[in-house]
Amino acid sequence: MPSTNKTSVNVIRDLGRIVINRRAALSNIEFEHRSATRRKVDEKATQLHAIASLKVLLDATKPQRGAATSSAANHVKINLKETTLASDRPNGNIDTTIDSGNELEEEPPEALSMSWPKGARKRITYLLVAPIIFPLYLTLPDTRTPRGKKFFPVTFIGSIVWIAAYSYLMVWWATVVGDTSKIPAEVMGLTFLAAGTSIPDLITSVIVARKGFGDMAVSSSVGSNIFDVTVGLPIPWLMYGIIYGQPVEVNSVGMVCSITILFLMLLFVVMSIACFRWRMNKGLGFTMFLLYFAFVAVSLMFEYDVLICPF
């Protein structure tokens, strides 16, 4: 009996040691698992911090660096899908993704609808643009629809024809208004016609600037004026000379002063942009408005003989 009791005691003691060793092993395994989980969480937190810092940097440089930087920053979009703690997830992973702006496609534009809109403001706009929109709607295929995409050459050529027609009507009506109001044709061309023909350029520049392509907006504004002077004027004069066999008479009184004012305005524009460190901001926009009003005021003074050009 005594030997049997000793054997039982030894067995129980061995079992106790095995349980203690297993508990210690489980504790070590759990500790190592927690350490690995914490290391993963720390790594993910570091990556998340770097991504957030990059996003802040891009957002900060977009409005300040103007043309070039905003164009580059527009191609990166950071999408932080989930930022959850490790305790809320079984594996402690944090999902972060960086999507390129080239992969994010914009929604396709909707086809033109001529239905009566809702709301007073939209209805007023509808009535104002209806005389322009209705002829285009009836004569040009809408390339935003699947059926009209294959007729894009017709739409392109037809748009040029309609621009020529609307331009002719605009010049004709401006001339009639000027003759009725006793306003010289030079003044009408300097103010109303200049503003009317520049509205499409303004809309285009605003659209591309809001998308972040500031350099394209500036290039469009400068290139359109160069195109008007070097192509828009010579082609009509060439056609007039070919058809009627005589040159176009242009009033050259004060032409030297007008060209001088043009070069001075160009110089002031470049100096203004340089003073604002080549950044397009509110101050530069306000300065451009002042320069435009100064140019119009001086030109009108020359037209009404308030200022006399010595050349």
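Every residue, even glycine, has its Cβ placed from backbone N, Cα and C.
Record features (TrEMBL):
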REGION    87-112  region 'Disordered'
TRANSMEM  124-140  transmembrane segment
TRANSMEM  152-175  transmembrane segment
DOMAIN    153-300  domain 'Sodium/calcium exchanger membrane region'
TRANSMEM  187-209  transmembrane segment
TRANSMEM  221-240  transmembrane segment
TRANSMEM  252-276  transmembrane segment
TRANSMEM  283-302  transmembrane segment
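Outside the transmembrane segment (124-140), and at least 6 residues removed from its termini, the chain residues within Cβ reach (under 8 Å) are 112, 114, 116-117, 154-155, 158-159, 162, 166. The DSSP breakdown of the domain 'Sodium/calcium exchanger membrane region' (153-300), given as helix, strand and coil counts, is 124 helix, 0 strand, 24 coil.
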